[in-house]
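Sequence annotations record features per position, and here TrEMBL assigns region 'Disordered' to 160-204. Annotation comment: TrEMBL describes 179-195 as compositional bias 'Gly residues'. For 341-641, the entry in TrEMBL reads domain 'UvrD-like helicase ATP-binding'. The annotation ATP binding site is assigned in TrEMBL to Gly362, Gly363, Ala364, Gly365, Thr366, Gly367, Lys368, Thr369.
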Amino acid sequence: MPAIVWPSSKVKDATAKDPSLQAKVGSFLNKLASDATSSGLHVEPIRNARDKRVRTARVTGFYRAVLFELNAGTEPVYVFHGIWPHDDAIKIAESVTVRINPANGTTEVTRIQDAIAQGADAVEQARREAQAKLDAAQREAAEIAREAARLQAANAQARQDAASAATSGSPVQPTAGAVQGGPATGAGAATGTGGTTALAPDATPKPLPDAVVVKGRDAAPTWPQGLSIEVLRDELGIDVRLAAAALAATRESQLLDLAATAEVPWQGEALLALATGSTIDDVRDDFQLRRPEHVAADSSDSELIEGLRTRAARSSFTWIENDEDLRRAIDGLTFAQWQVFLHPQQRALVDSRPNGPMRISGGAGTGKTVVAVHRTVELARRDAAAKQEPHILLTTYTRNLADDLRRQVAELDPSLEFTERVGQPGLMVSGLDKVARAILQRAGDAIADTATQVLGRRRTNVLTVTRKNLWDDALTLTGEDLPENLRSTDFLESEYELVVLPQRVTTLQQYLRIRRPGRGVALDRRKRAAVWNVIEKYRDRSAELGVASFAELLALAAAWLDAEAARGVPRPYRHVLVDEAQDLTPAHLQLLRALVEPGPDDLFLAEDSHQRIYGKKITLSHYGIQVRGRSRRLTRNYRTTRQNLDLAFEILERGKFEDLEGQAEQHHYVSPRSGPEPLLLHAKDHAAELDDAAALLNLWLDEDRAAGVDAPESIAVLVRDRYQRDNVVTGLAHRGVEVRPVDREAVGRGRPVVMTMHRAKGLEFRKVLLFDVSVEAIPRSLREQEYSEADHDDALLRERSLLYVAATRARDQLAISWSGQASPLLEGVHGAA
Ligand SMILES: Nc1ncnc2c1ncn2[C@@H]1O[C@H](COP(=O)(O)OP(=O)(O)OP(=O)(O)O)[C@@H](O)[C@H]1O
């Protein structure tokens, strides 16, 4: 079949204006793919076209498609441009061109006049017109936002009609205006709902009478030194008018509007990358741009086809090349955006072939999970192409998140084989605790030698995990020699899990000698001996009871695999990929290292140190994972609006974060989505705060009803702990608002949900209220924990991260409420003081 190259964004064509047209696109595609010459499409050249490859084709009696025909093999390649009413289509066809960008070798569809007007005069003129272009971009972005909101409402209406037809048993009539593939508003909206929704500025809710609206800071963009219009044009091939306007932008929001409306989408993304820390070379690598001297002077069809495969081109075009691609396209064109159009930075990470462990970082919503999912599928395909059985593990910190990863992988590639057994061919998606347990079960009594090496006790009964805190017992039995500041279960547990277990220390002599990097508290010989006493007691007590901790389970499994490898047994996996790696413990890291043979594509870790809410601060290299030179950062947010991000940054601002390589963490990243400003609700007491919450939820539900959006479960109230969750559910019920508490189970449909901030990790919702962000609740009281100073600071940092995680769950509207005094972690959020 001929290949069809399909663009991501056709917002400017008639399918955006007349949504009923979408239904015709499927049959058009089918005909084009089966036999373009004899299927009534009337694919015709245009007499006065400036580009001889341009064609128009019949979609309906009224509409024609504009496309390009490239011929370099037996079958043509059609590059689809858009659909317009007949006369408009002809005019557009006369003035568009598909060409190789001479500065970088990527293929673009652009207007003839834009393609040629790039010389010195053009730079001057572009400078003069920069402000006008910025203004136009702002107007256009607002128009796109309104259009998206309208489509969203039409979709919601169509869903509602379908649902009521289903209950009444009458046949469903498609609603005029219903659009497939539109922005998702779906259930609990765990990651992967797709579609970057723009919010109409007039969708800003009427705030509650006492609500404070938080204004964002909207600072000036920060560019690499020495950047100029000429550099952008000559080094990267960016259109001079776009470049001039970008450099003239005095506010980040102007740049974001410009990027969102750029004629050639990758050029807008490249500018955003430059404004968030990428260098010209980074952009060239990530977007797969060639240097001008390596670009052929003429654009032959085969070069154009090659240029459509660069990462820059593939961020805005997808290839439909086989029946499966076509089926998915025609099944309503409902690919979620994340499945098809990766950002070039994301695609580069999916495709890369590192020679050892690699790490990606990036703020909340930058698509780290999306990259992990794509890379898993890509590695499975590569193995299949090399005729190797897949041995892949995709893992993360909690079971809920693992379930979500499995769902996303299955969606992306339904043909992939899953396995539930460690070491079996296929893809295993699982938490690491389950993997460790399976390994130890298989080892059976043979684990005794390993237990001697790791725990200093020859044990075989290591599979029962205790909930009891045995550190309390050990402290009571032998803690009297410890100085006051070390007599805390948290300190001892940290010391054990960060220092003793990973270094496989089993004697006092070893403990006296080892290094304790990053522990913060110095221990002299006498103190070490006292600590060691308690550790020995703890281990005796565990052995007596026949129990182990999770960390011990993991450490034993890692040591067992190392011992097996020394005996020549292959390690279970060829590739291991980890999401949310910032929350892992040293024992997790050691197990990861032991699960996979060192080599190319072995370990892939996605992390965001700002979102570390469970684990302690750790550095990969201390546990045998060397990622130096193989770390990359994602800087483009796909989830939340820039207004919400601004507030989230204020929460981070006063914390000091380090990434998994021990380097200061950057938190600059951007979202081209715009929406309503966050709201602050300050109540005099708890009852009044519940009144506010009930009023806000009612307001949101009313707004949704008015907009035809029927997804109450995409509204969430997030709280610090389970006690507060149940309290809010009851309090709201008393006020006539029915909400659903969510614990470990999946998010149900039909009502707004209430869950802890921890549970919300990795999920997303359209509208989010953070409830009780007061001085009493956040940070949670750390007083009774008797932390060492370093551990105390780290616990506080985790509380800050938790609030950041919670705030970044909101796709569209964020609100924060408290009674009494606001949490000190909101210091810096304008209006919360
Ligand atoms: N290239 C893309 N195109 C469209 N949507 C995308 C793209 N990449 C990510 N998204 C969407 O952005 C949202 C956030 O993505 P994802 O969950 O992968 O981010 P994350 O960095 O893992 O976030 P978090 O750290 O908060 O868990 C999801 O709705 C996802 O579908």
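Just so it is clear, glycine is given a Cβ too, placed from its N, Cα and C backbone atoms.
Considering only the binding-site residues Gly363, Gly365, the Cβ with the fewest other Cβ atoms within 10 Å is that of Gly365. Thr366 (ATP binding site): 26 other CB atoms within 10 A of its CB, across all protein chains. Ligand 1 lies under 6 Å from the Cβ of Ala364, Gly367, Lys368, out of the binding-site residues Gly363, Ala364, Gly367, Lys368. Gly365 (ATP binding site) falls outside any helix or strand according to DSSP and counts as coil. Confidence annotation: the domain 'UvrD-like helicase ATP-binding' (341-641) carries a mean pLDDT of 92 in the model. Of the chain residues outside the ATP site list Gly362, Gly363, Ala364, Gly365, Thr366, Gly367, Lys368, Thr369, Asp608, Leu634, Asn637, Tyr638, Arg639 have their Cβ within 8 Å of the site's Cβ mean position. There are 25 other Cβ atoms within 10 Å of the Cβ belonging to Lys368 (ATP binding site). In this view, Thr369 (ATP binding site) is surrounded by 22 other Cβ atoms within 10 Å of its Cβ, with every protein chain counted. Cβ environment of Ala364 (ATP binding site): Asp608, His610, Gln611, Asn637, Arg639, Thr640, Ala648, Tyr804, Val805, Thr808 lie under 8 Å away, each six or more residues apart in the same chain.
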